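Now, the feature entries from Swiss-Prot:
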SIGNAL    1-15  signal peptide
DOMAIN    24-662  domain 'Vitellogenin'
REGION    1090-1163  region 'Disordered'
COMPBIAS  1090-1111  compositional bias 'Low complexity'
COMPBIAS  1119-1129  compositional bias 'Low complexity'
DOMAIN    1389-1565  domain 'VWFD'
DISULFID  C1391-C1528  disulfide bond
DISULFID  C1414-C1564  disulfide bond
Amino acid sequence: MRAVVLALTLALVASQSVNFAPDFAASKTYVYKYEALLLGGLPEEGLARAGVKVISKVLISAVAENTYLLKLVNPEIFEYSGVWPKDPFVPAAKLTSALAAQFSIPIKFEYAKGVVGKVLAPTAVSETVLNVHRGILNILQLNIKKTQNVYELQEAGAQGVCKTHYVIREDAKAERIHLTKSKDLNNCQQRIMKDFGLAYTEKCVECRQRGEALMGAATYNYLMKPADNGALILEATVTELHQFTPFNEMSGAAQMEAKQMLTFVEIKKDPIIVPDNNYVHRGSIRYEFATEILQMPIQLLKISNARAQAVKILNHLVTYNTAPVHEDAPLKFLQFIQLLRMASSETINAIWAEFKAKPAYRHWILDAVPSIGSSVAVRFIKEKFLAGDITIFEAAQALVAAVHMVAADLETVKLVESLAFNHKIQTHPVLRELTMLGYGTMVSKYCVEHPNCPAELVKPIHELAVQAVANSKFEELSMVLKALGNAGHPASIKPITKLLPVFGTAAAALPLRVQADAVLALRNIAKREPRMVQEVAVQLFMDKALHPELRMLACIVLFETKPPMGLVITLASILKTEKNMQVASFTYSHMMSLTRSTAPDFASVAAACNVAVKMLSNKFRRLSCHFSQAIHLDAYSNPLRIGAAASAFYINDAATLFPRTVVAKARTYFAGAAADVLEVGVRTEGIQEALLKLPPAPENADRITKMRRVIKALSDWRSLATSKPLASIYVKFFGQEIAFANIDKSIIDQALQLANSPSAHALGRNALKALLAGATFQYVKPLLAAEVRRIFPTAVGLPMELSYYTAAVAKAYVNVRATLTPALPETFHAAQLLKTNIELHAEVRPSIVMHTFAVMGVNTAFIQAAIMARAKVRTIVPAKFAAQLDIANGNFKFEAFPVSPPEHIAAAHIETFAVARNVEDVPAERITPLIPAQGVARSTQQSRDKLTSMIADSAASFAGSLSRSSEILYSDLPSNFKPIIKAIVVHLEETICVERLGVKACFEFTSESAAFIRNTLFYNMIGKHSVLISVKPSASEPAIERLEFEVQVGPKAAEKIIKVITMNEEEEAPEGKTVLLKLKKILLPDLKNGTRASSSSSSSSSSSSRSSSSRSRSRKSESSSSSSSSSSRISKRDGPDQPYNPNDRKFKKNHKDSQSTSNVISRSKSSASSFHAIYKQDKFLGNKLAPMVIILFRLVRADHKIEGYQVTAYLNKATSRLQIIMAALDENDNWKLCADGVLLSKHKVTAKIAWGAECKDYNTFITAETGLVGPSPAVRLRLSWDKLPKVPKAVWRYVRIVSEFIPGYIPYYLADLVPMQKDKNNEKQIQFTVVATSERTLDVILKTPKMTLYKLGVNLPCSLPFESMTDLSPFDDNIVNKIHYLFSEVNAVKCSMVRDTLTTFNNKKYKINMPLSCYQVLAQDCTTELKFMVLLKKDHASEQNHINVKISDIDVDLYTEDHGVIVKVNEMEISNDNLPYKDPSGSIKIDRKGKGVSLYAPSHGLQEVYFDKYSWKIKVVDWMKGQTCGLCGKADGENRQEYRTPSGRLTKSSVSFAHSWVLPSDSCRDASECLMKLESVKLEKQVIVDDRESKCYSVEPVLRCLPGCLPVRTTPITIGFHCLPVDSNLNRSEGLSSIYEKSVDLMEKAEAHVACRCSEQCM
């Protein structure tokens, strides 16, 4: 038994000692046959592909222990561009010969236990050739485990370290080892790959979970024979597949297939001869990038003399782009860039030195240099600017382009840094900003490539920030923060947070806009470190003491970090107790909009927001749009993997009309990546105030002293910061800020000063002289708009590239000449141009050519083989015109002259093809369309006959199938007939031509696609497509000499009439109806007034078949329903089970039907008849009146035939009637359009529009009128008609086509948004009614013949000026002042008091117990400007109100006496006879209004102060919101934070709040007669606080009588107290003054005095 166990053990050990790793014995040469193939295209056969094949013998021999030689013998290179698999490979003999020397050199490599180590080769072997050797070595790379047959690992190979699966099977009988390994190239620890142009994109992980755009995998199959020291590879087969599709893979994909075969031939004893070349270490098996990084895949250039070739192309670009842009200009520009990339710095400098003095050449070089894409470009720009060779504008343009096009490496980053901190750059503010932003961008791009980039890269910016803070250079600090935001380095979080209020003390001295920039600078950092930024953003958001704008910006940053569910729920919890309405509205709207997000990367956030919104109250949804809002809209298509998102942030701080900040951002999703394409932010702090208020009031010592004396009496007064007029704007592309501008008063003043300077006037005069002499301008702009590349190795060792290029060249040619009559003197004023006849003749020829390429394939410096999509777009739109302007005579004339048009004014061609070419034989490149021509038209006459016979047998069914779909089932047809039907389906061609006005315009569209293979978007794009647009003179009509458009205004309009209009006084019906209408008049004389429906839109439409009794019942019903419309509206709106019926709401007119606008017109029974009376009295106003304006549009033809249109307008002021007649100029054409409008009253206007032959074919009536719906004011617009033209069938066809592209959920969404109900309304009438249910809400009702649509409670952004629309009397003398007043009135906020109830600006009501004889601040400007102040006191004797207004240089007192309101201005009484009163500036007006008096001063911020015996009200303008204080509040919309005392403290007691705004006295002998003061009071009882007896003092001042006075009337007040131990000492003077800053320990009641009586001894 022991012997058996020993034998088994020895057998097991022996079996484990077998070495499966390949081994090559010493002193032997192993000969293999090697074949490698790389082929790209679509997976279907019969289509074109492009590829490369390499065939060779491979010799492997050992030269030392673990060191081997590998040599290729007789290598051959083949190209492929043809129809697969029919066409053969073509030998690239010249390329093989050129590379033969390199291939003949053997390479060395280390190899042990199946693992390839170092690779050594002479320097004479190029990296591309060495990579081909690495492709062979990659086959030998085998990590074989002795104890496992199935396993996986991350294996190093030519393509990186990727996940590899091994399966080993031993065939002991055949003595063979079968090994299979497979690689997942999408699962790599280190994938060798180079990306260009993708630094600004973000990986959308969630998008890629649904499918990768680029997928790759490889399988390796080995057949090996065991040997003593290892295994011998007998055969190795490699198959690798890369698949790319921008859409979902189910739509189809392009693929690149690599195959390798290594077959053992023999073993030779002759060793490989080692050459004398010096072998150097050239890396490992990992692929090394060569010159393919600089090589564009769209063309292959053989560079022999870079400078000479570049100069040749430069000459071509200049020579062939003097007229319209040459169609190959973009391609030549790309060739020029390619040559500059390959050239040395010395060569580029030599080209510049040769052509820098030639403007035509200079700009081509400067536009091409940034596209070099390396540090060479930045160094060139730096050197030339510092040397003074390029201007500031040229440097700025080149720097912006270079920063975004140059690849970021450490050298480039350091170059941009040195440029940003260069002294010469620092002296130019624009260049400094651009370079600082660019430096941040370069750091960001570098960190994308190197995630562990050092913090030292942003250290210089951090130091600059510290210096800016220390020196209080806020503008510089803002720029530095934007640079840090561009860099997005995590090391910047600490320096940024030091500038924020929560984290650093430096923030206290910083302006709000700088703090806002600091918050926004965190956004790009959040993309790399979302968790760290979330911690900062949450703390900012939670700090309720921060300015609301900072908290809302923190909310933006927080949601961009894609917070988890827990954090979103935390925000919702905070929102429940949020008192700031701006923050609450913004956060809730942000969450609400994100709940509808369909973007994959925001799916988790959308789910979290759904939960959070449900936790919150619906009251947030009802907030006005005056509050801050966030809007997010997106759409994402899973099949196409394309999406777009738009976000808009509206940040306000005081519910004003103009927001404080507006940010709009667009984001796109494509092929598993996302990018913030564009973002624009505008800050309007102070702009509205600067536009609407008067210039700053002069520092009048008396005025300022008076106001400051008043506010000094307030307890612990703190003024608000003055809003400095400032506007700022920034623009971001792909998440990087490229430019920003701050505009303040100093900049505006400088611009105005520059505009009025003598140099500016001289510049204007010189420009005018140049125009008079004739000037020609030419501008050419080439641009490499896009270069996106991804390069990675294949198993063969050749690189595969996916790339996208767009290059364009635009040119504008302008020739302009001006003529002035009479000629101006040498020195003239601009006003003289208004009295001059100006003629301008111009010729323009703009042209653009754009080339776009999408490439997939092999790209090296030696050979290219790829499939390519190429799009060419070219537009040329020449024009020649003349314009004449005679302002003095009211004439404007424009003439367009014919030009020789190009063959096509716009052309677009798209084609896809396979191309193969090599550098040794570039002219012999082989191009094959992806869909071969023979594949499209493959048929024979015999097959056509058979097909015809088969179709004839089943014509009906076949035709039905063809009409239903473009996809045809071929199951019933033989396979040889399928291509014929496919060819019929694939080809599409359409031409549409329109001839009008002597011009023939044609649109041509042709398409041949691969949709016959699979009807998806991807296959529809494959093939050839073209769109052509041409505009040419019509051959069937006489030539057009010119087109004229002329406008004549004023008394000379009649002189321009070409066609005299004559209209019959009796309106006749069109032919065929005249007899019938006359017969009706004879037989039924009462039909007109009885049963015929009125053609006027103002009358109700009633059917002629109704009886009088039914009409009477109808009227009774209408009357009853309208009387109860108010209550029914409320009940129906609130009742969930009762649907709203808009027909129940009847419109009651404001005007009387019998009212007329002219004494000449007799009263009639309806307003419609009054319109007809006016119309019939003078059917054509041209018989009595001269035209007010005439417009001529005509063609001047070679045969002198008049063609065109004439528009004349007549105005009859007596009847308020406007008539416009448009007529064809052709004397044989009686077509006209007649429009008559009459203002029947202040509440109604009616218009009739008729057209056709003599305006009799068709007509419509339009009526707009105001009235009431229930108690609410309303406006109604009605459109009625007798006959309308039919809509052409072609229009309906296009409508159906468009409707097919509308997503199915849209109608349902609109149905929920706008409810509708089917009604049988008037068949010839549309009625639109808007009801103002309140100043801020509307009900909208639309009635059409078949349905009624309505929307209730539509919120408005501003209040409706009901009172102001009827009374614009304050400034009747000036229309500008009227508009200004109305605009201010619309957005003003109101504070009022009726009896003892005060309603604040924020609409919060509270009862006020006013102290007698003491002034209280009702409302005042709380900034340091003190533009106005309104005081109120109650007289001690009569207890009547007395208002004092301090504004500008006047002091206004308003009080009542027995006979009415008394007005005093600066102590002088203004009698009623002297009202209205205006101050000397005219900006303040006092006038009677109703039973009281109103003061108006909107330009000072005070819209109105109204005062009568029983009430008063104050209105402040929109731009003062948030800047007021007093009893009326801040007017910031924050009704939860209404009770703010002068110190800024928020109190809960309305009484304490009201008393805090009392102006106390220091003595009872004070002239104000106020006998009270504010002081902290001691609680009358002792309390136990913290287990100690304590004495307590109020932390809020309480109104008390002065010493020596006794209270006559008191009121209870609940206030906070701060407690101290009983034994503690409190200095009465110092302690009580600081007690107001203490914390509240308890709330208790105290007594406040509101009336006092003093003794005579009181001082």
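Every residue, even glycine, has its Cβ placed from backbone N, Cα and C.
DSSP gives C1528 (disulfide bond) a coil state; it is part of no helix or strand. Under DSSP, C1391 (disulfide bond) is assigned to a strand (E or B) in the three-state scheme. Of all the disulfide-bonded residues listed (C1391, C1414, C1528, C1564), C1564 has the fewest other CB atoms within 10 A of its CB.
Across the structure, C1564 (disulfide bond) and C1528 (disulfide bond) are spaced 28 Å apart at their Cα atoms. Straight-line distance linking the Cα atoms of C1391 (disulfide bond) and C1414 (disulfide bond), rounded to a whole number, equals 20 Å. A Cα-Cα distance of 17 Å separates C1528 (disulfide bond) from C1414 (disulfide bond).
Secondary structure from DSSP puts C1564 (disulfide bond) in coil. DSSP assigns C1414 (disulfide bond) to coil, not to a helix or a strand.
Mean pLDDT for the domain 'Vitellogenin' (24-662) in this predicted model: 90.
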